[in-house]
């Protein structure tokens, strides 16, 4: 079997990516990065998802980006916006996060002798982060092929972003077919320790709208204080 | 003053780079990465160098790559080669190390509003690592400009590698002019806790040959067991 490193945050998108990579026949090495995010529920979800979706191994690597600050997602002094998705780059953007996560995945891939890295970025129903765009993934792939032994030995390393051009609804339908249990995933920017979602942050809103638009029951476990109303 | 993030390992090259960036008028934010290297003497040296060379701030970020293994530099079960520099990629190569370090520097730079990152890679007197070549630095710079707000807002981010085309002797002469005290730097792959160098690993050999060729007294603090003979 061909080995792949799959970035697994514990959210809806990366769980779907792991299921896709497994379906494509890869032996999957799931990688989560603890970068100083506000809550650990996402990482706990990642651990369970790695097991239930058939990853061969799962590692959690720590890189504490909260020492730099610069994002509401890692700085507890800053509020998570809950008024709806707005144009531009939001305060939840974590500078260089995907680059750091892909770089760590690159290290593991090279050690494993793997030429395939999967990441669940999406440029349709997303928050406007620069490192979720197709041109970014292409540029990272080009760099990765020069950075490693692959570039010298003539082998080829690919960054797979199978969700890039899917809507959130399409992602949810795809995962449903592949048997992903979305009640195990945590997308909320401010989930509590039990993984209960707020329902109103950008990530919750995009996810809710996805279930609505897919016409699939939303199995997300919400906080008791959240009264579900249409997302859009 | 214009801010720059300077990667500072504690070795000879990166100390020289910090001195060069300061001379060029940058306000320097020194960044060290503790990636699971065999010894901490390098990081202790980095801390002292940041202070003595006038960095505005110094941060040490932990990313434990030893969990992946794959390099003699982070795996204590493997021997550091001491028989001399040979062609090809040696066992001390740490997969994706420079990519991970530059990615973390990118995060800090973006938070600081800095468009300048300095790294002490060198493609002349080096160990054949793929991520020390000019084509790698160019590819990383291209990727970094797409990865961040810079790419969306039209500002420009530069990766500076001022040692790229210098010989080790030229680096040492340059640092000498800038007042770098090389006795404070630790380049050895297997330095002891006091920072004393083995004298025979590839890094020590390249450094010794540099002092010799520059005709500058070698101020490196060697282990008592090492009897200095010509490096070449």
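Here the Cβ of each residue, glycine as well, is placed from N, Cα and C on the backbone.
Here's what Swiss-Prot has on this protein:
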| type | residues | note |
| --- | --- | --- |
| BINDING | B:8, B:9, B:10, B:11, B:12, B:13, B:14, B:15, B:16, B:17, B:18 | ATP binding site |
| BINDING | B:188, B:198, B:201, B:204 | Zn(2+) binding site |
**Complete:** Note on ATP: the CB centroid of B:8, B:9, B:10, B:11, B:12, B:13, B:14, B:15, B:16, B:17, B:18 has further same-chain residues inside 8 Å, namely B:46, B:49, B:120, B:185
**Prompt:** How long is the line from the C-alpha of residue B:16 (ATP binding site) to the C-alpha of residue B:188 (Zn(2+) binding site), rounded to the nearest angstrom?
**Reply:** 16
**Prompt:** For Zn(2+), what surrounds B:188, B:198, B:201, B:204 with a Cβ no more than 8 Å from their Cβ centroid?
**Reply:** B:80, B:82, B:187, B:189, B:190, B:191, B:197, B:199, B:200, B:202, B:203, B:205
**Message:** Suppose we draw a 10 Å sphere around the Cβ of residue B:204 (Zn(2+) binding site). How many other Cβ atoms does it contain, all chains included?
**Reply:** 24
**Prompt:** If we check Cα distances from residue B:8 (ATP binding site), which of the binding-site residues B:198, B:201, B:204 wins as closest?
**Reply:** B:204
**Asked** What three-state secondary structure does DSSP assign to residue B:198 (Zn(2+) binding site)?
**Response** coil
**Request:** Counting Cβ neighbours within 10 Å across all chains shown, tell me which of the binding-site residues B:8, B:18, B:188 comes out on top.
**Result:** B:8
**Item:** Pairwise CA distance, residue B:10 (ATP binding site) versus residue B:204 (Zn(2+) binding site), rounded so that it is a whole Å
**Value:** 14
